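Marked as active site, proton donor by TrEMBL: 82. Residues or ranges marked as active site by TrEMBL: 82. As annotated by TrEMBL, active site, proton acceptor applies to 213. Under the heading substrate binding site, TrEMBL lists 11, 73, 83, 84, 154, 186, 204, 205, 214, 215.
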Ligand SMILES: N[C@@H](CCC[C@H](N)C(=O)O)C(=O)O
């Protein structure tokens, strides 16, 4: 099986080219690929498949995009959207010569996202609306955190904290009320770091703590704007893996940051656990 490996601010992915939709991406295979000791190691998998090769019901408007990003978390679960993944996906498509224009649509389970390849190496994705759904809580290492529930196509709880976030223990999944989060949730802890600058850590549903999360970064920018009574603005968000920019503009969120493909190879699936 051919694969590539890439990352966006150190949120890393195994990329599986599958233009004709022949791969059976069972959860066990995804988990084995993402295993950092016995597999390639990654926070998730990006299957690169032609939209028209997908069976079953397509997300709204998906036909307008030639390529569909089939995203899976490291535990094999399916997620609606991945903000770092879609930039890595775009970088892969461009480098493989599978798209020609610098601006193109990518279909995802959360809908079609427009990607713009910058001349400076950064990639901007129109992430659509980041919707504030109300308040929520999570318990982390025995302490309760209040936050804002935000949908970026996938579910987030963005919790502002006062002190430093570096020492917080995100080694275990935050405890949340399943009645409030029936599909699970990605939990972000963020603090303000100057005017329009935020610092964030995240525990991702299905992947554990990661060094960056694009949808989470959009969620904290939306939560910070909401707390300041603002709708629009630009936020620089620092995560353990780097820095990204979010522009909230007229109800949509534009996410800009780097994305690279670092390796190509051949995988021996029979040797995977
Ligand atoms: N790392 C991603 C988000 C991946 C999906 C998430 N774990 C979920 O289950 O919703 C990003 O960059 O947005």
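In case you wondered, yes, glycine gets a Cβ from its N, Cα and C as well.
Residue 11 (substrate binding site) falls within a strand segment according to DSSP. For the binding-site residues 11, 154, the ranking by surrounding Cβ atoms (within 10 Å, all protein chains) places 11 first. Across the residues the record lists as binding substrate (11, 73, 83, 84, 154, 186, 204, 205, 214, 215), the two Cα atoms farthest apart are 17 Å from each other. Rounded to the nearest whole angstrom, the C-alpha distance between residue 82 (active site, proton donor) and residue 11 (substrate binding site) is 10. In the three-state DSSP scheme, residue 154 (substrate binding site) is classed as coil. Recorded residues residue 83 (substrate binding site) and the residue listed as 'active site, proton acceptor' have their alpha carbons 7 Å apart, per Cα-Cα distance. Look at the Cβ of each of the active-site residues 82, 213 and count the other Cβ atoms within 10 Å; the largest number goes with 213. Neighbour density for residue 204 (substrate binding site): within 10 A of its CB lie 28 other CB atoms from the protein chains shown. Sitting within 8 Å of the Cβ centre of 11, 73, 83, 84, 154, 186, 204, 205, 214, 215, and not among those site residues for substrate, are the Cβ atoms of 44, 79, 81, 82, 85, 202, 207, 210, 213, 216.
For the recorded site, residue 214 (substrate binding site), the DSSP three-state label reads helix.
Across the structure, residue 11 (substrate binding site) and residue 213 (active site, proton acceptor) are spaced 7 Å apart at their Cα atoms.
The number of other CB atoms found within 10 A of the CB of residue 214 (substrate binding site), across every protein chain shown, is 29.
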